[in-house]
Amino acid sequence: MPPKKAPAAPQASKKTEQKKKEKIIEDKTFGLKNKKGAKQQKFIKNVTHQVKSGQQNPRLVAQAEGDKKNKKDDKMKELQELNDLFKPVVVAQKVSKGADPKSVVCAFFKQGQCTKGDKCKFSHDLSLERKCEKRSVYVDGRDDELEKDTMENWDEKKLEEVVNKKHGEAEKIKAKTQIVCKFFLEAIENNKYGWFWVCPGGGDTCMYRHALPPGFVLKKEKVKEDKDEDISLEDLIEKERAALGPNVTRITLESFLQWKKRKRADRILKLEEEMEKRKEDFKSGKSLGVSGREVFEFRPELINDDDEEADDASYTFELEDSEAEEIDDVQDIDLSRYVLKDVDETGITVASCERFSSYVASTEKDENKLCVASGGVMENENQSEEEQEGDLENGFVDAVPVDENLFTGEDMDELEEELYTLDLEK
């Protein structure tokens with residue numbers, strides 16, 4: 001590995017260096033400051049200069065300072081020459097007696113050389129010069145205003161005024177026609193019409209009208225009207241309800257059914273009238289708009305005529321057993337048969353609260369299934385003790401005798417599991 005660099009010695013501060021230089025100057029000029037000789041004073045000056053300038057030759061130092069000063073002077077002269085060449089000469093302004101200096105534009109401000117700012121007695125508004133200057137016969141001041149006056153800032157009245165001014169005289173000379181030029185309408189609709197618009201169809205010699213048709217509405221005006229008329233459904237309903245007034249018929253089920261029945265009858269009557277009208281039109285030879293189904297409804301004899309005019313060749317088509325389908329009579333559903341009515345509660349059964357007790361009785365019967373399956377007597381709470389004793393005296397026993405030694409212990413366990421899992425039907 002390369003040897004590590006020795007740490008840089010800390011640099012002495014400027015004050016420390018200055019003290020060292022003063023110490024050196026005092027040592028070299030010790031005892032000479034109080035002497036008045038020219039040689040001693042010159043020697044002290046040279047020593048002081050050498051120490052402060054870093055032991056440099058005083059001639060070289062003086063020469064470097066002279067060169068630096070000369071370069072600075074040369075730059076100043078060069079800038080002065082450039083300013084004299086390219087900067088226009090500004091003559092001091094004179095204002096006539098009694099005139100307002102603020103009505104005159106500052107000449108230095110026009111050249112970008114005014115350094116007075118707000119303290120300048122002349123005006124710094126460049127528009128004053130254009131307002132006060134004489135009107136030129138070669139420039140029309142209205143051109144700038146017309147260029148800024150575009151169709152975006154016009155309303156419907158302004159548009160009519162511009163059209164009348166621009167095309168009014170030309171429209172009087174043209175042949176009378178009511179057709180509006182399509183280029184004119186496209187320019188207005190696309191917001192391209194203005195003072196300097198020229199018709200692509202021939203300018204002023206276009207044979208069509210360059211005037212707004214009656215009832216014309218601009219797009220932006222139309223959008224505003226649509227926005228104003230656009231109201232919500234809730235507001236519309238409330239508005240219509242308020243317009244009905246207080247003296248109106250209240251809606252009930254009976255009135256609603258009567259209204260619906262009347263509407264259905266009116267609709268059926270209207271359909272019949274339309275069908276009769278179509279039939280009369282068909283008879284008179286006006287078959288336009290008549291469907292094929294209506295043709296056969298109006299003239300059913302056409303069905304038989306079509307069968308007679310058919311080819312003599314007959315085609316048979318038999319379905320296989322797998323493809324054969326049973327065809328049942330199908331009837332169309334007529335929605336007019338269904339009428340809304342109040343629900344009649346007569347004859348409607350309601351579940352009683354006793355259904356819970358019957359459910360408990362059925363569960364008790366299920367518990368007796370185990371006794372019956374094991375050959376025991378079914379428990380009967382309604383049977384009295386006297387009847388049970390009478391059965392024993394007569395020798396009738398309902399239970400089947402079982403030999404307990406017939407089964408071993410394991411067989412009994414399996415039998416008990418089967419009996420518990422066994423579920424018999426009633």
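Yeah, the Cβs are placed from backbone N, Cα and C, and that goes for glycine too.
Taken from Swiss-Prot, the feature compositional bias 'Low complexity' applies to 1-13.
Per Swiss-Prot, region 'Disordered' is recorded for 1-27 (among others).
The compositional bias 'Basic and acidic residues' annotation in Swiss-Prot covers 14-27 (among others).
Residues or ranges marked as region 'Disordered' in Swiss-Prot: 51-74 (among others).
Sequence annotations record features per position, and here Swiss-Prot assigns coiled coil to 62-87 (among others) based on sequence analysis.
Residue counts for the compositional bias 'Basic and acidic residues' (65-74) under DSSP (helix as H, G, I; strand as E, B; rest coil) come to 10 helix, 0 strand, 0 coil. Taken from Swiss-Prot, the feature compositional bias 'Basic and acidic residues' applies to 65-74 (among others).
Annotated zinc finger per Swiss-Prot: 100-127 (among others), in sequence order. Mapped onto DSSP classes, the zinc finger (100-127) shows 11 helix, 2 strand, 15 coil.
Look at Swiss-Prot and you will find 175-213 (among others) tagged as zinc finger, backed by sequence analysis.
Here Swiss-Prot flags 237-261 as region 'Required for interaction with DRG1'.
The coiled coil annotation in Swiss-Prot covers 257-283 (among others).
Nonlocal intrachain contacts for the compositional bias 'Basic and acidic residues' (14-27), taken as residues 6+ away from its ends with a CB within less than 8 angstroms of a stretch CB, comprise 47-48, 51-52. Within the zinc finger (175-213), the DSSP-based counts of helix, strand and coil residues read 11 helix, 2 strand, 26 coil. Shown for the region 'Required for interaction with DRG1' (237-261): DSSP residue counts in helix, strand and coil, namely 17 helix, 0 strand, 8 coil. Cβ atoms under 8 Å from those of the coiled coil (62-87) belong to residues 111, 113 of the same chain, restricted to positions at least 6 beyond its ends.
Taken residue by residue, the compositional bias 'Basic and acidic residues' (14-27) breaks down under DSSP into 14 helix, 0 strand, 0 coil. Confidence for the zinc finger (175-213), expressed as mean pLDDT, is 78.
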